[in-house]
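Pulled from TrEMBL, these are the features on record:
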ACT_SITE  198  active site, nucleophile
BINDING   226, 227, 228, 229, 248, 249, 250, 251  substrate binding site
């Protein structure tokens, strides 16, 4: 074993015109989360506890798209989802359609540890939250002024269809500003009206135990009831005795490619190392989709891969390596 390691992300698909001030805010948040995880790992806290701790921090800060600061549905409300997985016995828990749970990742962990199930959604998940006494807040807590503005822009641009993959002809019908200012698209949407993405954390502790956690508000202007990759074990989140993975990006493409599980699979079946497995999956399993992922291995390695123009990410290992970045 190579010691502990941690990676965090705040989403793939970054506006190339993102103001420098916002870039620095993102780096500071990622750095803060890394230090939080490093402190916990140095105290020999298990990997599963560390990923929950870090993702709770990301959910509480409105900068990225999870918890407070989540993307808004077509109705102007927030519907959040999250999942968590403990590698040693592949235990997992997931939740979707949350509207009042302050920290969705904690409810996902309770589903894993207390319920007889792996996945609860919508009213059933909310009822379970009330039964377990987790902190609940009004839906308005999650809504930020910035996201209200982004939803308005998305609606005015007519750029969002419910399958999120509009053809080129459809893009021509977008408002001139949205389509012309940013030729980059994700899920068929101009990046300029695409909310910051999913958050996640992967950890291997000093005992070689891997864990992964992912949380999101989903897509801006999404259809109410839409479920993405983040709560789907094997797609957005996966952990086993070999590695832990958290994905971000075009949910529909990640689901089709079962991206997170595929990293572990090619390590096991093709004998690839962690970075080799990540590179293979990003290149071969996304088809025309856009996404990114972070990963750790039981040997204390960290890796990332993405085919977008950027991904908010940070890494640290026991031997002193630490890096925070956005661009390729």
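Residue numbering: from 1, along the chain as shown.
Glycine too: its Cβ is placed from the backbone N, Cα and C atoms.
Keep in mind that TrEMBL annotations are predicted by a computer and have not been checked by a curator.
Annotation for residue 198 (active site, nucleophile): same-chain Cβ neighbours under 8 Å, separated by at least 6 residues, are 9, 11, 64, 65, 66, 214, 215, 216, 228, 230, 236, 247, 248, 249. Across the residues annotated as binding substrate (226, 227, 228, 229, 248, 249, 250, 251), the two Cα atoms farthest apart lie 16 Å from each other. Of all the binding-site residues listed (228, 249), 249 sits in the most crowded Cβ setting, with the most other Cβ atoms within 10 Å. In this view, residue 229 (substrate binding site) is surrounded by 30 other Cβ atoms within 10 Å of its Cβ, with every protein chain counted.
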